[in-house]
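**Student:** Relevant sequence annotations retrieved from TrEMBL are reproduced here:
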type	residues	note
TRANSMEM	49-72	transmembrane segment
TRANSMEM	112-131	transmembrane segment
TRANSMEM	169-187	transmembrane segment
TRANSMEM	207-228	transmembrane segment
TRANSMEM	262-284	transmembrane segment
TRANSMEM	304-323	transmembrane segment
TRANSMEM	335-357	transmembrane segment
TRANSMEM	363-386	transmembrane segment
TRANSMEM	398-420	transmembrane segment
TRANSMEM	426-447	transmembrane segment
Amino acid sequence: MTSSLHRATASDRTRRCATYCTSKRMSMSMKATTISYAPRVTKWWTQLALINFVIFIAESSRGIVMPTLFLYCQSLGGGLYEMGLLTSVYSVGRLISSTVFGYLCDKYSFRAVYIASALIGLAGNFVYFVPSTRALIISRFFVGVSSGNLSVCRSNVAAMTTVGVRLKYLTILAISVYFGYALTPGLDGFMTGIDYHILGLPLNELTAPGLLLVLMNLVTVVLMVFIYDDSISVHDAPEAAVDATKKKTPSPSDTFVLSDKLVYAGVILFIMLNVVARGVLSIYETINVPLFVQVTGDSHDNVIVAASTFQFNLGLLGLLAYVAIEIWHHVVSDVVLLAIGFGGLGLGNLILALHATPTYTELWTGVFFLWSVGSPITTAVCVSAFSKILGTRQQGKWMGLLGSAASVSRIIMPMLPAAFATFAPVFWMDVVLCVLSIAMLIAYDAAVTREKTTARGDALLCQSTQPDYASVAHA
């Protein structure tokens, strides 16, 4: 009896020890999971910051030179035609690299593409110092090639995020794009008065933006080599834990899937919309300094600071558009946001088209709607809507195609202002393109709504024809 009691007590002790050890191991395992999870989330955020830095530099190659490129071209004997050519060859380079980089990031790695594009940009910006129109054209071509990583950055963010939160992070990426091309023109105002020679090449207020871009590309190479991690994926995102613990039963509207016909119609539509938006903006980028000088009459000595300040102030106002997108994107559809964006582009061009030489108030108001309203909204929402339509399909090649198509318009449309005696005809052309874009958006949205209504009706019909097994069981 006593031995039996001892055996039972020993058995209980063993069981308690086993239970304690098991719970201890589970606790340690949970702690280890938490400890290992946190650094991956931190790395995910670091990765996102690196991608935004890369795309910021890519777009800075447009923005930093905006107030001085026409003046630099003019100092080398060029005019409005050569300025249009510089904008076009930049886009030719981007056209070539967008699709190639998109294919390479799907086949190899994002990191390799980022390093290659930075090295190409480094070489192109070195050539920028050579005081020759031909060298300037070559420089802008190679810098355009390096900026083709725009599509790679977008597909990288798409690969790191779920469809439900993608707009949020693509909007952050679009803000970095906007910082690059809309705010960096303000840096030129700090470079006036520079006058040095390095290895016999001039470093002055017209070429200093090239030096800044050289330094930025060097920083990119270092960051990509030592910090970027290709193993970071959507599973490391901060939303991954939330998605795993807060799953809900999907409603019929949540499970609605577009037909292939509407998916590919949407792909074509958003590529066309991106072509229009980029083309309209490229025309303004080509003529912004000549138009500013025409309206203000500023001399060469003052125009760099004045034009830089003008662009920077309107760029700051454009940040309000991104704030509006972040606040309202849950309740306002992508179609409505895009209609507002193209409405801004159209209204801005309409104001500038009313007179051959606008007043300063008309210039400020027109550029506000074009640059501070239309540009940020179309840049952010067009790309995110395109990505959401693609869903889980591979994003690299499609984002490359989106960027390449936009580059085609940026090749052709900057050449148009030189063909007319005034800028008014190209402004009217932009107005027509924006109106057509809004009409296509409305037509596509109506087609999607019809398909959703049909799908919802079919779902309700299927539910009504299902036998009620619960009532049969109670009977």
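Heads up, the Cβ atoms here are built off N, Cα and C, so glycines get one too.
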**Student:** Which range wins on Cβ pairs under 8 Å with the transmembrane segment (207-228): 112-131, 262-284, 304-323?
**Tutor:** 112-131
**Student:** Determine whether the transmembrane segment (398-420) and the transmembrane segment (426-447) share at least three Cβ pairs under 8 Å, counting only pairs 6 or more apart in sequence.
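**Tutor:** Contact between the transmembrane segment (398-420) and the transmembrane segment (426-447): present.
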**Student:** Considering only Cβ pairs under 8 Å, which range in 169-187, 335-357, 426-447 makes the most contacts with the transmembrane segment (262-284)?
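**Tutor:** Answer is 426-447, with the largest number of Cβ pairs below 8 Å.
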**Student:** Take the transmembrane segment (169-187) and find every residue of the same chain, 6 or more past its ends, with a Cβ under 8 Å from one of its Cβ atoms.
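**Tutor:** That would be 48, 51-53, 55-64, 66-67, 150, 153-154, 157-158, 160-161, 209, 212, 307-309, 311-312, 314-316, 318-319, 322, 325-326, 329, 371, 375-376, 379-380, 383-384, 387.
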**Student:** What residues in the same chain, six or more past the boundaries of the transmembrane segment (335-357), come closer than 8 Å to it by Cβ-Cβ distance?
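**Tutor:** Long-range Cβ neighbours of the transmembrane segment (335-357): 273, 276-277, 280-281, 291, 294-295, 325, 328-329, 363, 365-371, 373-378, 381-382, 385, 422-424, 427-428, 430-431, 434-435, 437-438, 441-442, 444-445.
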